[in-house]
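For reference, the structure discussed in these notes is given below.
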Amino acid sequence: MNCFQRQLRRTAPTRGGSRNELVTPPLRSRVNGWSLPLHTFQLVALLVYSYMAVVGFGIYIPLLPSPWNYAAYCVIGMAFLLHLVTHLVAVSIDPADPSVLAKKNYSNPMPVLDKRKHPHVIQNLHCYLCEVDVGPKVKHCSSCNKCIADFDHHCKWLNNCVGGRNYWFFFVTVVSAVLGIVLLVFVILFVFIEHFLNPDILRTAPQFHNVQGNGTWLAFLPLAPVETSSAGILAVAFVTIMLCVASLLLLCHLAGFPHLPVDKEDEHL
């Protein structure tokens, strides 16, 4: 998708080998991103978020000198909290078209599309799977098996469709993730560089007064200080920066998501 220049992309139902075959979508429509089965990308996103939160707020931000540590807690904390809230909202919202929401019973199985009678799921603004009249910007998502209002794309990271009802929550999720990761990278790079140039500036916390030698560092300050080595601090910093770079590349790809070409046969879905 493109977060800055929205374009609608059509989606087609799963097709058989010929136009005369019955097309069988998933048995039941999915409600939202929490509907089983969960997607692997969805779990990876939550694990990466948790890792960055623990490492950032537990190891590197506490090493910043005052008052920069308090500023980092506030600014990066707000970015991480905003991302978490909007992410969960975007996952939890049912993006279905209002006509589907008014009629839908998700416990009932969906009908089978007979392509001999209806070559497309949506024809003349009527969906033959959801069995409702829909608007001109509605598309039937084959992954969720329901009509989505202002359909943009099906996001594997949310395990949910992105449409008119949750598009801006998705947009803020992406923007807040980029902001939080960039700020976290700045913090980790500062700690990494100052570790070699001026390590004393990173050891201003009162708990360091009882630490012997510059080779011993403390993580998870100030509540639960745990001793670690310089090698440990630097190794985790390197791994985290690489993970941040990979995450930024994925987010940039997501922000400029290339729309898949539409099959001419399904041009009027």
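For all residues, glycine too, the Cβ spot is worked out from N, Cα and C.
Per-class residue totals from DSSP over the domain 'Palmitoyltransferase DHHC' (123-254), listed helix then strand then coil: 65 helix, 25 strand, 42 coil. According to TrEMBL, the domain 'Palmitoyltransferase DHHC' annotation covers 123-254.
According to TrEMBL, the feature region 'Disordered' maps to 1-22.
Annotated transmembrane segment per TrEMBL: 43-64 (among others), in sequence order.
Per TrEMBL, the feature transmembrane segment maps to 70-93 (among others). Counting only same-chain residues 6+ beyond the ends of the transmembrane segment (70-93), those with a CB under 8 A from a CB of the stretch are 32-34, 42, 45, 49, 52-53, 56-57, 61, 64, 158-160, 162, 165-166, 169-170, 172-173, 176-177, 179-180, 183-184, 187.
Sequence-distant contacts of the transmembrane segment (167-193), counting only residues of its own chain at least 6 positions beyond either end whose CB sits under 8 Å from a CB of the stretch, comprise 3, 6, 52, 56, 60-61, 63-64, 72, 75-76, 79-80, 82-83, 86-87, 89-90, 93, 150, 152, 155, 158, 202, 233-234, 237-238, 240-241, 244-245, 247-248, 251-252, 254-255. Annotation comment: TrEMBL describes 167-193 (among others) as transmembrane segment.
Here the transmembrane segment (231-251) has Cβ contacts under 8 Å with residues 48, 51-52, 55-56, 59-60, 174, 177-178, 181-182, 184-185, 188-189, 191-192, 195, 217, 219 of the same chain, all six or more residues outside its ends. Sequence annotations record features per position, and here TrEMBL assigns transmembrane segment to 231-251 (among others).
A mean pLDDT of 93 is what the model gives for the domain 'Palmitoyltransferase DHHC' (123-254).
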